[in-house]
Amino acid sequence: MSSPSVPSLRLPLRPAYPPLSRRALAGVSPNAAAPRALLLKPLASKAPAPYHQHALLLHQRRRHGPPPAAATITSKPVLKDPKKYQEWDSVTAKFAGAANIPFLLLQLPQIVLNARNLLAGNKTALFAVPWLGMLTGLLGNLSLLSYFAKKRETEAVIVQTLGVISTYAVLVQLAMAESMPVPQFVATSVVVAAGLILNFLNYVGWLPGTLWLLWEDFITVGGLAVLPQVMWSTFVPFIPNSVLPGIICGSLAVAAVGMARMGKLSDAGVKFVGSLSGWTATLLFMWMPVAQMWTNYLNPSNIKGLSAFSMLLAMLGNGLMLPRAVFIRDLMWFTGSAWACVLQGWGNLTCMYW
């Protein structure tokens, strides 16, 4: 004989007490224990949630993703069409790779022209190429090589390596023509050799992290010391010759790097110091056409020693790299390439035309 079914009751986790009326609250004596317990019970609702409630919330977050507010914190935009993103990534990478062709031939006409003048004994024609401008471009390419090697941008790494090698070849010719002083040429040779070796070892993953940090600190201090000194030396005929700009800015750079390594700066300050090497390299690269245009203005007769085809190739190569800079949203890369297209290309060509 089956027993009658008893309706099941679902008890609450915490007992609920009926609310007390004002009259009941007013009639409670301070020595009464039971009402005092009833009054203290609602405070238990502020206690931490049980463990199973935390587990339920964690399960919901894993299943449904983070709340909408967390999506606004991310810095990178959410891609709606990954296939289209991959297509643009491939296209812009091909454009940046195609820039290797004009950059490979960039200094070749200038190198051939310098070789002809050296063989003819016309060393004066090589004075039309300012070694300070070439040095700034070389140091800029070397620093940008470190920047792109750290970001693993293969096409840009190849472009900057070709720029370092070809520009150094021109500096060798200028040193042979006694246009570039020997001490500066020797120091430049040491820095170029060390930079190429260290960047190659870092790109293939064979360089210790500590040594790479030392190299980054070196190019940061060196760039901040060389940039103002080169800018000052460009206008030396009209301003007194001095090494104070390089000493002052170099000392400030050493202090900033030292404070960043010792943890004396905030996170924003450390990030700012870390970005100085890249922006210094870009400014060095951007100063190259300015120095060339100033030299053309002072000595218009030496413009015959310049190669218009080299300037056209530089403008074409930087133009091919602009889409990649825009695609990866690299403001520094975009600024340097756009400046080179406008000033190093059209600016110098316009000076030659005039």
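Every residue gets a Cβ built from N, Cα and C, even glycine.
Worth saying up front: this structure is predicted, and the values here are computed from it rather than measured.
For the transmembrane segment (125-149), the residues of the chain that approach it from at least six positions outside its boundaries are 110, 114, 117-118, 156-157, 160-161, 163-164, 167-168, 170-171, 173-174, 177, 179-180, 184, 188, 191-192, 195-196, 198-199, 202-203, 215-216, 219, 222-223, 226-227, 230, 233-234, 277-278, 280-292, 295, 299, 302-306, 332, 336, judged by C-beta separation under 8 angstroms. Residues or ranges marked as transmembrane segment in TrEMBL: 125-149 (among others).
Sequence annotations record features per position, and here TrEMBL assigns transmembrane segment to 156-176 (among others).
Counting residues 6+ beyond its ends, the transmembrane segment (182-201) has Cβ neighbours under 8 Å at 131, 135, 138-139, 142, 145-146, 149, 157, 161, 164, 168, 171-172, 175, 207, 211-212, 215, 219, 222 in the same chain. Taken from TrEMBL, the feature transmembrane segment covers 182-201 (among others).
Sequence annotations record features per position, and here TrEMBL assigns transmembrane segment to 213-232 (among others).
Positions annotated as transmembrane segment by TrEMBL: 238-260 (among others).
The list of residues near the transmembrane segment (272-294) in space but at least 6 beyond its ends in sequence, with Cβ under 8 angstroms from a Cβ of it, reads 130, 132-134, 136-137, 139-144, 146-147, 216, 219-220, 223-224, 226-227, 230-231, 234-235, 253, 256-257, 260, 265, 306, 332-333, 335-336, 339-340, 343-344, 347-348, 351. The annotation transmembrane segment is assigned in TrEMBL to 272-294 (among others).
Here TrEMBL flags 306-327 (among others) as transmembrane segment. Sequence-distant contacts of the transmembrane segment (306-327), counting only residues of its own chain at least 6 positions beyond either end whose CB sits under 8 Å from a CB of the stretch, comprise 88-89, 91-93, 95-96, 98-99, 101-103, 105-110, 113, 128-129, 153, 155-156, 159, 292, 296, 333-334, 336-338, 340-341, 344-346, 348-349, 352.
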